[in-house]
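What TrEMBL annotates here:
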type   : residues : note
DOMAIN : 97-139   : domain 'Photosynthesis system II assembly factor Ycf48/Hcf136-like'
DOMAIN : 180-249  : domain 'Photosynthesis system II assembly factor Ycf48/Hcf136-like'
SIGNAL : 1-32     : signal peptide
Amino acid sequence: MVLPLLKGGQRPSLACAALALALVAGAGNAGAQDQGAAVTAPLVPDLLDLPAAPNPRATGMLQLALARAGDRLVSVGEGGVILLSDDGGAAWRQASAVPVSVTLTDVAFVGARLGWAVGHSGVVLHTLDGGETWQRQLDGNGAARAVAAEAAALKAAGAEGADAAVRNGDYMIADGPDKPFLAVTFLDEKRGWAVGAYGLALETRDGGATWQSFTARIPNRGGKHLYGIAPVAGGLAIAGEQGALFHAAALDAAFTAIESPYEGTFFGLLVLGDGGLLAYGLKGNAWRGAPGLEDWARIDLGAEATVTAGRRLADGSLILGDEGGRLLRSTDDGASFKPLETSGDTGLTALAATADGTLVVAGPRGNSRLDSNAKNREAF
């Protein structure tokens, strides 16, 4: 999970300097290359073409997402650093081959070996060996071409809104690979989706060998940033900034805009046991959507700290984490949450659970394994 991108002072921000640094670093690299355009060679290397170098301090660097790959834990973060743990999060090591040095924002696995990571500059990485080595499947240039191809097909079919889609595709190509993906999810080893800044949305049906845009299928006026996507009840749900919520009743169906209960940014979604959703985001906002996603109720979390991470555990309980490091648990499918006695570090960005249910959290200083009973100790 990452904080909103700033644009004209209108994007909300988190009180977490480490996360802000992750975004500024990407912008700084782009700016440096612009300044060097007039000289023979760029002042800095293109981070899309610069492999992540071995770093003795890698385990203490900012990590933004966590995923299980069988019994292994995999995290991704700044500088293209990918970390692996084979002992439940007690010890971490750097992946041996990552072809980029851009910040990575999310990671998803299907089973123990097949995984995908996404991040800045529209990059999609793929691993076949549980995260040891990674290959680039896509970057922002390819993503822009996919958006333009979708728009051209709509134009050829005489579809409503095709002209606007064509303009958006042209802008994407002209801008270059500057738009990050912010979330990725896979249903199985073939079907997956990635969403990101300014409404960018791509899908694959062949495990990432090819990617197609579904940006124009989402009624996303103004190109709001998209921070979360989840398969739910045979379809898909997407959450983003300014209360953006979208739902497709089937995987290939057009999306409809859900009347949002909240005007602030949502950072993520959790699928509930009854087929509903829990959306979480800024200022302690967490909302529970009943099946059908028409009726929503706010959940009292007892504080206004921004919720930055969420996870459904194997036992059906839900865990939320906020920017202050507080962890909360629900045992009633998201109807209520209670704070846990043990919390993570300030600036918590992601969380996961080991095979035995032990919680592991990510943050500005890498990953931490919590007490094995932490998820069961509520702070009354």
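Every residue, even glycine, has its Cβ placed from backbone N, Cα and C.
Since this is a predicted model, take the numbers as computed values, not measurements.
Beyond the domain 'Photosynthesis system II assembly factor Ycf48/Hcf136-like' (97-139), the same-chain residues lying 6 or more positions past its ends with a Cβ under 8 Å from any Cβ of the stretch are 1-2, 22-23, 25-26, 47-53, 64-72, 74-82, 84, 177-186, 188-189, 192, 194, 196, 200, 202, 207-209, 211.
Averaged across the domain 'Photosynthesis system II assembly factor Ycf48/Hcf136-like' (97-139), pLDDT in this predicted model comes to 98.
Residues in the domain 'Photosynthesis system II assembly factor Ycf48/Hcf136-like' (180-249) partition by DSSP class (helix H, G, I; strand E, B; coil) as 9 helix, 34 strand, 27 coil. Helix, strand and coil counts under DSSP for the domain 'Photosynthesis system II assembly factor Ycf48/Hcf136-like' (97-139) come to 3 helix, 24 strand, 16 coil.
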